[in-house]
Amino acid sequence: MTGDTKAMLAKAEVLIEALPYLQRYAGRTFVVKYGGHAMGDPAAARDFAEDIVLLKAVGINPVVVHGGGPQIGAMLKRLGVESTFVDGLRVTDKATAEVAEMVLSGAINKELVGWIAAAGGKAVGISGKDGGMVSAAKVRRTAKDPESNIEQAIDLGFVGEPTRVDTLLIDTAVAADMIPVIAPIGAGEDGHTYNINADTMAGAVAAALGAARLFLLTDVAGVLDKSGALLSDLTPAGIAALKADGTITGGMIPKLDTCVHAVEAGCEAAVVLDGRVPHAMLLEFFTTRGAGTLIRADR
Ligand SMILES: Nc1ncnc2c1ncn2[C@@H]1O[C@H](COP(=O)(O)OP(=O)(O)O)[C@@H](O)[C@H]1O
Ligand SMILES: CC(=O)N[C@@H](CCC(=O)OP(=O)(O)O)C(=O)O
């Protein structure tokens, strides 16, 4: 066999390896959360858009929920507005909410729609406000006052959490063969605009759609144990244990809480994977080796 023939066969084997996954998931929905950190690199953005268009081309319905934390931060800095975080959530006053909506629903949402178009797909950019898709309620947080040791309310301003997701607009876009691209902004029943953490938004959308997969693309290989080794499979009970023994900390806590909520509310499985790896999603999904950490509900 010549080198050329071997290379061709290897390509055919990759396609054949994907066959059972294609058969199993054709017509199903994948919700993909694309974070703001990953967007800084144009090559990675192009790869991401290609992956999304490829999923659509093989009969899977991708629904993209995007972040934009670093981009909101940069715009606030340009405007001279200070930004602070509590438990990974941006404290959002009226001015910050306006900037968050402008950056998320305006700049980033349309940029992503453009990348998908450049990769040959048709995307429709919307926010949770459109079509009454995502209703939000104000997030309530408390913390112990260090002096009195009394639990006190912390006001995060217009930070919301989804209370109801109406999937009609998403279903309509998918039925028209479009790829929905969703900004994490919601409308409160009080008439205010709410800034929603993008992981939380993606989890709520995945649960409402009964998605086959929720992909959370981040900047680590997946969930790591204390020695730094990748944990390839987890359940809510396993996650609770890792939280209790301090293996999971920082930004990984809300991310995994989102996964637990999504798999317990109707999403088949959630995957935390490395968005810095080119075509990470395709490698995870279409190969038997997988990548990242797969989270399924406890049986
Ligand atoms: N056990 C763990 N495994 C992997 N990452 C962890 C773990 N515990 C904490 N982390 C931290 O969580 C981070 C991912 O969360 P975050 O920074 O909020 O991601 P993103 O900005 O992509 O939403 C990782 O970069 C890592 O620093
Ligand atoms: C309430 C809250 O914190 N909202 C986030 C929304 C964007 C986001 O979550 O973006 P990443 O996924 O890129 O971090 C924010 O204002 O930064």
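Going from the start of the chain as shown, residues are counted 1 onward.
Even glycines carry a Cβ here, placed using N, Cα and C.
Annotated domain 'Aspartate/glutamate/uridylate kinase' per TrEMBL: 29-272, in sequence order.
DSSP assigns Lys33 (site 'Transition state stabilizer') to a strand. The site 'Transition state stabilizer' annotation in TrEMBL covers Lys33 (among others).
Feature annotation from TrEMBL assigns substrate binding site to Gly68, Gly69, Arg90, Asn195. Around Gly69 (substrate binding site), the C-beta neighbours below 8 angstroms that are at least 6 residues distant in the chain are Gly35, Gly36, His37, Arg90, Ala198. DSSP assigns Gly69 (substrate binding site) to a helical segment in the three-state reduction.
DSSP classifies Lys255 (site 'Transition state stabilizer') as helix under the three-state reduction. Around the Cβ of Lys255 (site 'Transition state stabilizer'), 23 further Cβ atoms fall within 10 Å across all displayed protein chains. Marked as site 'Transition state stabilizer' by TrEMBL: Lys255 (among others).
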C-alpha of Lys33 (site 'Transition state stabilizer') to C-alpha of Gly68 (substrate binding site): distance in Å?
11
Enumerate the residues of the same chain, Gly68, Gly69, Arg90, Asn195 excluded, that satisfy the criterion Cβ within 8 A of the mean position of the Cβ atoms of the recorded substrate site; list them in sequence order.
Gly36, Gly67, Ile72, Gly73, Thr92, Ala100, Val103, Leu104, Pro184, Asn197, Ala198
If you count the C-beta atoms lying within 10 Å of each candidate's C-beta, which of the recorded positions Lys33, Arg90 ends up with the smallest number?
Arg90
Per the record, substrate is bound by Gly68, Gly69, Arg90, Asn195: how many Å separate the farthest pair of Cα atoms?
12
To the nearest Å, how far is the Cα of Lys255 (site 'Transition state stabilizer') from the Cα of Gly68 (substrate binding site)?
15
